[in-house]
(Lines of atoms letter the chains of each structure in order from A and count residues from 1; the text may use other names and numbers.)
(Lines give C-alpha, C1' and ligand atoms only; values in the text may rest on other atoms or scores of the structure.)
Protein backbone atom coordinates (compact mmCIF):
# COMPACT_ATOMS: atom_id res chain seq x y z
CA UNK A 1 0.00 0.00 0.00
CA UNK A 2 1.32 3.48 -0.75
CA UNK A 3 2.02 6.13 1.87
CA UNK A 4 -0.57 8.88 2.16
CA UNK A 5 2.21 11.47 1.95
CA UNK A 6 5.19 12.08 -0.33
CA UNK A 7 8.65 11.34 0.99
CA UNK A 8 9.43 15.07 1.40
CA UNK A 9 6.33 15.55 3.57
CA UNK A 10 6.42 12.35 5.60
CA UNK A 11 6.46 12.29 9.39
CA UNK A 12 6.07 9.84 12.25
CA UNK A 13 2.28 10.01 11.92
CA UNK A 14 2.51 8.51 8.41
CA UNK A 15 4.12 5.27 9.62
CA UNK A 16 1.14 3.12 10.61
CA UNK A 17 1.45 -0.18 12.44
CA UNK A 18 0.46 -3.13 10.27
CA UNK A 19 0.98 -1.41 6.94
CA UNK A 20 3.20 -3.11 4.37
CA UNK A 21 5.22 -1.16 1.81
CA UNK A 22 6.99 -2.68 -1.19
CA UNK A 23 9.42 -0.68 -3.29
CA UNK A 24 12.65 -0.51 -5.22
CA UNK A 25 14.45 -2.43 -7.94
CA UNK A 26 18.22 -2.82 -7.87
CA UNK A 27 20.19 -5.04 -10.21
CA UNK A 28 23.22 -6.71 -8.64
CA UNK A 29 26.17 -5.97 -10.93
CA UNK A 30 29.25 -8.22 -10.84
CA UNK A 31 31.76 -5.35 -11.06
CA UNK A 32 30.06 -3.61 -8.13
CA UNK A 33 29.99 -6.81 -6.07
CA UNK A 34 33.75 -7.16 -6.57
CA UNK A 35 34.44 -3.47 -5.97
CA UNK A 36 32.50 -3.40 -2.70
CA UNK A 37 34.11 -6.61 -1.48
CA UNK A 38 37.66 -5.52 -2.35
CA UNK A 39 37.12 -2.44 -0.21
CA UNK A 40 35.16 -3.91 2.68
CA UNK A 41 34.86 -7.71 2.68
CA UNK A 42 37.79 -9.31 0.81
CA UNK A 43 36.80 -12.96 0.97
CA UNK A 44 37.38 -15.06 -2.16
CA UNK A 45 33.73 -15.88 -2.71
CA UNK A 46 32.99 -12.12 -2.87
CA UNK A 47 36.01 -10.93 -4.91
CA UNK A 48 37.18 -13.73 -7.24
CA UNK A 49 34.74 -15.44 -9.65
CA UNK A 50 37.12 -18.35 -10.33
CA UNK A 51 37.86 -19.06 -6.69
CA UNK A 52 34.17 -18.58 -5.85
CA UNK A 53 33.23 -21.27 -8.38
CA UNK A 54 35.22 -23.77 -6.31
CA UNK A 55 33.40 -22.95 -3.05
CA UNK A 56 30.09 -24.29 -1.77
CA UNK A 57 28.46 -21.23 -3.32
CA UNK A 58 29.41 -22.34 -6.84
CA UNK A 59 30.08 -18.77 -7.95
CA UNK A 60 30.43 -15.18 -6.88
CA UNK A 61 28.07 -13.95 -4.15
CA UNK A 62 27.62 -10.42 -2.82
CA UNK A 63 28.94 -9.50 0.60
CA UNK A 64 26.08 -9.50 3.07
CA UNK A 65 27.07 -5.93 3.90
CA UNK A 66 26.71 -5.00 0.22
CA UNK A 67 23.22 -6.47 0.18
CA UNK A 68 22.43 -4.44 3.30
CA UNK A 69 23.81 -1.30 1.63
CA UNK A 70 21.72 -1.88 -1.51
CA UNK A 71 18.68 -2.33 0.74
CA UNK A 72 19.49 0.94 2.51
CA UNK A 73 19.56 2.83 -0.78
CA UNK A 74 16.05 1.64 -1.64
CA UNK A 75 14.88 2.29 1.95
CA UNK A 76 16.23 5.87 1.79
CA UNK A 77 14.82 6.53 -1.68
CA UNK A 78 11.30 5.22 -1.06
CA UNK A 79 10.48 4.64 2.62
CA UNK A 80 12.41 6.82 5.03
CA UNK A 81 11.24 10.40 5.28
CA UNK A 82 13.53 12.97 3.63
CA UNK A 83 12.61 15.65 6.16
CA UNK A 84 12.24 14.03 9.59
CA UNK A 85 14.74 11.15 9.86
CA UNK A 86 16.56 11.43 13.18
CA UNK A 87 18.86 8.44 12.64
CA UNK A 88 18.68 4.89 13.90
CA UNK A 89 19.74 3.39 17.21
CA UNK A 90 20.21 -0.01 15.60
CA UNK A 91 18.59 -3.20 14.43
CA UNK A 92 17.97 -6.79 15.47
CA UNK A 93 17.76 -10.24 13.95
CA UNK A 94 19.61 -9.49 10.73
CA UNK A 95 19.57 -12.72 8.71
CA UNK A 96 21.40 -13.53 5.50
CA UNK A 97 19.05 -16.21 4.23
CA UNK A 98 20.09 -16.93 0.64
CA UNK A 99 23.07 -16.05 -1.55
CA UNK A 100 22.78 -12.89 -3.65
CA UNK A 101 24.42 -13.23 -7.07
CA UNK A 102 25.29 -10.94 -9.98
CA UNK A 103 22.24 -10.59 -12.22
CA UNK A 104 19.77 -10.81 -9.33
CA UNK A 105 17.28 -7.97 -9.08
CA UNK A 106 16.49 -6.95 -5.52
CA UNK A 107 13.48 -5.19 -4.05
CA UNK A 108 12.28 -4.44 -0.53
CA UNK A 109 9.18 -5.24 1.51
CA UNK A 110 8.73 -3.44 4.81
CA UNK A 111 6.10 -4.32 7.41
CA UNK A 112 5.61 -1.72 10.12
CA UNK A 113 5.79 -3.66 13.38
CA UNK A 114 5.40 -0.79 15.79
CA UNK A 115 5.11 3.00 15.73
CA UNK A 116 5.04 4.63 19.15
CA UNK A 117 5.66 8.20 20.33
CA UNK A 118 8.89 8.65 22.26
CA UNK A 119 8.27 8.75 26.00
CA UNK A 120 11.11 11.17 26.68
CA UNK A 121 11.11 13.39 23.56
CA UNK A 122 7.76 14.85 22.43
CA UNK A 123 9.13 15.86 19.02
CA UNK A 124 9.59 12.30 17.73
CA UNK A 125 8.41 8.72 17.57
CA UNK A 126 10.05 5.32 17.29
CA UNK A 127 9.22 3.21 14.22
CA UNK A 128 10.14 -0.49 14.14
CA UNK A 129 10.22 -1.95 10.63
CA UNK A 130 10.56 -5.59 9.60
CA UNK A 131 12.57 -5.37 6.40
CA UNK A 132 12.77 -8.14 3.82
CA UNK A 133 14.95 -8.04 0.71
CA UNK A 134 13.56 -10.13 -2.14
CA UNK A 135 15.12 -11.32 -5.37
CA UNK A 136 13.49 -11.62 -8.81
CA UNK A 137 12.00 -14.99 -7.83
CA UNK A 138 10.35 -13.40 -4.77
CA UNK A 139 12.68 -15.34 -2.50
CA UNK A 140 13.60 -13.53 0.72
CA UNK A 141 17.39 -13.22 0.68
CA UNK A 142 17.84 -11.04 3.78
CA UNK A 143 15.67 -9.78 6.63
CA UNK A 144 16.07 -7.63 9.72
CA UNK A 145 14.10 -5.66 12.28
CA UNK A 146 15.23 -2.01 12.19
CA UNK A 147 14.42 0.94 14.42
CA UNK A 148 14.21 4.55 13.24
CA UNK A 149 13.58 7.75 15.17
CA UNK A 150 11.20 9.89 13.11
CA UNK A 151 10.14 13.47 13.79
CA UNK A 152 6.46 14.14 14.47
CA UNK A 153 4.44 16.47 12.27
CA UNK A 154 2.65 17.67 15.39
CA UNK A 155 4.78 17.40 18.56
CA UNK A 156 2.94 15.81 21.48
CA UNK B 1 45.47 -11.74 23.19
CA UNK B 2 46.81 -12.98 19.86
CA UNK B 3 45.57 -16.06 18.07
CA UNK B 4 47.81 -19.14 18.32
CA UNK B 5 47.63 -19.52 14.55
CA UNK B 6 48.10 -17.24 11.55
CA UNK B 7 45.02 -16.16 9.60
CA UNK B 8 45.87 -18.53 6.73
CA UNK B 9 46.00 -21.51 9.11
CA UNK B 10 43.08 -20.67 11.38
CA UNK B 11 40.19 -23.03 12.00
CA UNK B 12 37.19 -23.41 14.31
CA UNK B 13 39.44 -24.89 17.01
CA UNK B 14 41.36 -21.58 17.22
CA UNK B 15 38.29 -19.55 18.27
CA UNK B 16 38.17 -20.02 22.03
CA UNK B 17 35.26 -18.91 24.18
CA UNK B 18 36.19 -16.03 26.47
CA UNK B 19 39.15 -14.81 24.45
CA UNK B 20 39.26 -11.16 23.45
CA UNK B 21 40.98 -9.96 20.27
CA UNK B 22 41.71 -6.33 19.42
CA UNK B 23 42.88 -5.29 15.99
CA UNK B 24 42.78 -2.83 13.13
CA UNK B 25 43.12 0.89 12.56
CA UNK B 26 40.99 2.67 9.96
CA UNK B 27 40.85 6.41 9.52
CA UNK B 28 37.45 7.77 8.54
CA UNK B 29 37.96 9.96 5.47
CA UNK B 30 35.40 12.65 4.59
CA UNK B 31 35.47 11.96 0.85
CA UNK B 32 34.86 8.27 1.49
CA UNK B 33 32.01 9.01 3.90
CA UNK B 34 30.33 11.12 1.21
CA UNK B 35 31.06 8.61 -1.57
CA UNK B 36 29.60 5.68 0.38
CA UNK B 37 26.52 7.66 1.40
CA UNK B 38 25.83 8.98 -2.11
CA UNK B 39 25.77 5.38 -3.32
CA UNK B 40 23.96 3.70 -0.46
CA UNK B 41 22.55 6.05 2.19
CA UNK B 42 21.81 9.48 0.69
CA UNK B 43 20.67 11.35 3.79
CA UNK B 44 21.88 14.95 4.18
CA UNK B 45 23.82 14.32 7.37
CA UNK B 46 25.87 11.67 5.51
CA UNK B 47 26.37 13.45 2.16
CA UNK B 48 26.38 17.23 2.67
CA UNK B 49 28.72 18.86 5.23
CA UNK B 50 26.83 22.18 5.18
CA UNK B 51 23.41 20.63 5.64
CA UNK B 52 24.86 18.25 8.25
CA UNK B 53 26.13 21.23 10.26
CA UNK B 54 22.52 22.39 10.68
CA UNK B 55 21.32 19.01 12.06
CA UNK B 56 21.46 17.69 15.61
CA UNK B 57 24.74 16.00 14.66
CA UNK B 58 26.45 19.37 14.08
CA UNK B 59 28.42 18.04 11.12
CA UNK B 60 28.93 15.15 8.74
CA UNK B 61 28.57 11.64 10.19
CA UNK B 62 29.26 8.32 8.51
CA UNK B 63 26.38 6.08 7.46
CA UNK B 64 25.98 3.33 10.01
CA UNK B 65 26.33 0.88 7.13
CA UNK B 66 29.66 2.47 6.22
CA UNK B 67 30.86 2.01 9.79
CA UNK B 68 29.75 -1.63 9.59
CA UNK B 69 31.60 -2.05 6.29
CA UNK B 70 34.80 -0.54 7.74
CA UNK B 71 34.45 -2.93 10.68
CA UNK B 72 34.06 -5.87 8.27
CA UNK B 73 37.29 -4.97 6.49
CA UNK B 74 39.23 -5.11 9.76
CA UNK B 75 37.39 -8.29 10.79
CA UNK B 76 38.31 -9.96 7.49
CA UNK B 77 41.92 -8.77 7.59
CA UNK B 78 42.67 -9.77 11.17
CA UNK B 79 40.09 -12.06 12.73
CA UNK B 80 38.19 -14.21 10.28
CA UNK B 81 40.08 -17.21 8.93
CA UNK B 82 41.23 -16.88 5.31
CA UNK B 83 40.88 -20.62 4.71
CA UNK B 84 37.83 -21.89 6.57
CA UNK B 85 35.16 -19.16 6.56
CA UNK B 86 31.82 -20.68 5.52
CA UNK B 87 29.84 -17.44 5.61
CA UNK B 88 27.51 -16.01 8.20
CA UNK B 89 23.84 -16.69 8.87
CA UNK B 90 23.41 -13.27 10.44
CA UNK B 91 23.80 -11.09 13.49
CA UNK B 92 21.84 -9.68 16.40
CA UNK B 93 21.67 -6.56 18.51
CA UNK B 94 23.46 -4.22 16.13
CA UNK B 95 23.67 -0.85 17.89
CA UNK B 96 24.86 2.47 16.50
CA UNK B 97 25.89 4.04 19.77
CA UNK B 98 27.78 7.22 18.88
CA UNK B 99 28.29 9.27 15.71
CA UNK B 100 31.35 8.43 13.59
CA UNK B 101 32.94 11.50 12.04
CA UNK B 102 35.63 12.23 9.45
CA UNK B 103 39.01 12.16 11.18
CA UNK B 104 37.99 9.45 13.64
CA UNK B 105 40.26 6.40 13.76
CA UNK B 106 38.38 3.15 14.27
CA UNK B 107 39.54 -0.18 15.67
CA UNK B 108 37.81 -3.41 16.66
CA UNK B 109 37.50 -5.46 19.84
CA UNK B 110 35.99 -8.92 19.56
CA UNK B 111 34.98 -11.10 22.51
CA UNK B 112 34.27 -14.73 21.67
CA UNK B 113 30.91 -15.45 23.28
CA UNK B 114 30.48 -19.01 22.15
CA UNK B 115 32.23 -21.57 19.94
CA UNK B 116 30.37 -24.85 19.50
CA UNK B 117 30.63 -27.64 16.95
CA UNK B 118 27.72 -27.84 14.53
CA UNK B 119 25.27 -30.56 15.51
CA UNK B 120 24.29 -31.38 11.95
CA UNK B 121 27.56 -30.83 10.05
CA UNK B 122 30.73 -32.44 11.47
CA UNK B 123 33.04 -30.35 9.26
CA UNK B 124 32.30 -27.04 10.96
CA UNK B 125 31.54 -25.08 14.09
CA UNK B 126 29.50 -22.01 14.99
CA UNK B 127 31.37 -19.02 16.45
CA UNK B 128 29.44 -16.19 18.09
CA UNK B 129 31.45 -12.97 18.41
CA UNK B 130 30.53 -9.81 20.30
CA UNK B 131 32.03 -7.09 18.13
CA UNK B 132 32.72 -3.56 19.33
CA UNK B 133 34.01 -0.75 17.12
CA UNK B 134 36.02 1.86 19.05
CA UNK B 135 37.15 5.33 18.11
CA UNK B 136 40.46 7.03 18.98
CA UNK B 137 39.10 7.98 22.41
CA UNK B 138 38.28 4.33 23.13
CA UNK B 139 34.57 5.11 22.96
CA UNK B 140 32.42 2.27 21.63
CA UNK B 141 30.66 3.67 18.57
CA UNK B 142 28.98 0.46 17.35
CA UNK B 143 28.44 -3.06 18.63
CA UNK B 144 26.81 -6.28 17.47
CA UNK B 145 26.70 -9.99 18.10
CA UNK B 146 27.70 -11.85 14.93
CA UNK B 147 27.64 -15.52 14.01
CA UNK B 148 30.15 -17.21 11.70
CA UNK B 149 30.32 -20.77 10.44
CA UNK B 150 33.97 -21.86 10.54
CA UNK B 151 35.49 -25.06 9.17
CA UNK B 152 37.12 -27.47 11.62
CA UNK B 153 40.77 -28.42 11.33
CA UNK B 154 39.82 -31.93 12.42
CA UNK B 155 36.25 -32.88 11.48
CA UNK B 156 34.31 -34.48 14.35
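Count begins at 1; order follows the chain as displayed.
Just so you know, glycine gets a Cβ as well, placed from its N, Cα and C.
A quick note: this is a predicted structure, and the numbers were derived from the prediction, not measured.
As given in TrEMBL:
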DOMAIN    B:19-119  domain 'MaoC-like'
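Sorting each residue of the domain 'MaoC-like' (B:19-119) by its DSSP state yields 35 helix, 29 strand, 37 coil. Taken together, the residues of the domain 'MaoC-like' (B:19-119) have an average pLDDT of 97.
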